[in-house]
Amino acid sequence: MTLGSTPLRPTVWWAHISSANDRLVRLLNEEELARNTRFRLQTDRDRHLLGRALARTALAERTGVPASEVAFELRCRSCEDKARTGADGGDPSPHGKPVPVGPATGWEISISHSGEWVVLAMAEGVPVGVDVERVSEARDLDGLAAYTLAESEARAWRALPEDDRSEAFFGYWARKEALLKATGLGLSGGLRRVSVTPPSDRARLVAWEGGGAPGTAWLTDLERDPGYRSALAVLTDRPVEPTVHPAERTAALLRG
Ligand SMILES: CC(C)(COP(=O)(O)OP(=O)(O)OC[C@H]1O[C@@H](n2cnc3c(N)ncnc32)[C@H](O)[C@@H]1OP(=O)(O)O)[C@@H](O)C(=O)NCCC(=O)NCCS
Ligand SMILES: [Zn+2]
């Protein structure tokens, strides 16, 4: 078997918000603690805490480094690109994709949270992006779709029966944001520039207009909960076989 056809095996960890507890707080660094206390809502604090504590714990388990020594640097591709081209508008405060540095250098992670769920994706040597979205009855779904969907996506979406549009919209969103998060661009990369297949079809990147396009990208939906849509993107041309850990396994990992 050639290296090119050896499957990549990223790991996905699902965590339920009920796994957040005060014992995990010791895993946050000072900057994370400061950010955590700035959230007004307890659920926002719990989701942020769980995401960062899970990332440290899962990387520690895989690398043998103590969780408290796993460090991240925040990198925003959009702001880095602006700085490189001399354009205005970068945000000077630390923000962006957490990138493992120090003892866990070489690993790539992505964190997402929505409603009751937190999800972490991790892989060695290849960028990953994960996104989970709670399907909600947004008041202005048409307005959101105009901001989010590329022309061909919007046409397919508007042709759906009205009752199916909420779920389909969040399906598109999760796939597109997983790709943007894998590249490190985040939403500043522009959701409308990235086109994916309709949620009823197998997930695939269709087109990427403008800069920042990944060479190749592997994309899949992740099934978790009927009220949510979620997706995983891996920037590779190799076959990908993710290992997905359910919340019970993640809770056990966090209990240590
Ligand atoms: C960050 C962003 C991708 C998050 O999307 P979201 O749907 O609100 O939230 P999610 O739960 O899916 O993801 C949040 C996580 O994404 C990660 N993240 C942040 N920036 C990221 C980036 N540029 N690329 C990839 N991941 C990023 C973080 O881990 C964050 O969670 P944490 O801080 O609790 O660890 C999106 O809000 C964004 O791009 N914001 C930037 C807005 C902006 O224009 N900022 C100005 C300077 S660029
Ligand atoms: Zn930025």
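Glycine is treated like the rest: Cβ placed from N, Cα and C.
Quick look at what TrEMBL lists:
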{"type": "DOMAIN", "residues": "127-219", "note": "domain '4'-phosphopantetheinyl transferase'"}
{"type": "REGION", "residues": "82-103", "note": "region 'Disordered'"}
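Confidence across the domain '4'-phosphopantetheinyl transferase' (127-219), taken as the mean pLDDT and rounded to a whole number, stands at 94. Using DSSP to sort the residues of the region 'Disordered' (82-103) gives these counts of helix, strand and coil: 6 helix, 5 strand, 11 coil. The residues of the domain '4'-phosphopantetheinyl transferase' (127-219), classed with DSSP into helix (H, G, I), strand (E, B) and coil, number 45 helix, 16 strand, 32 coil.
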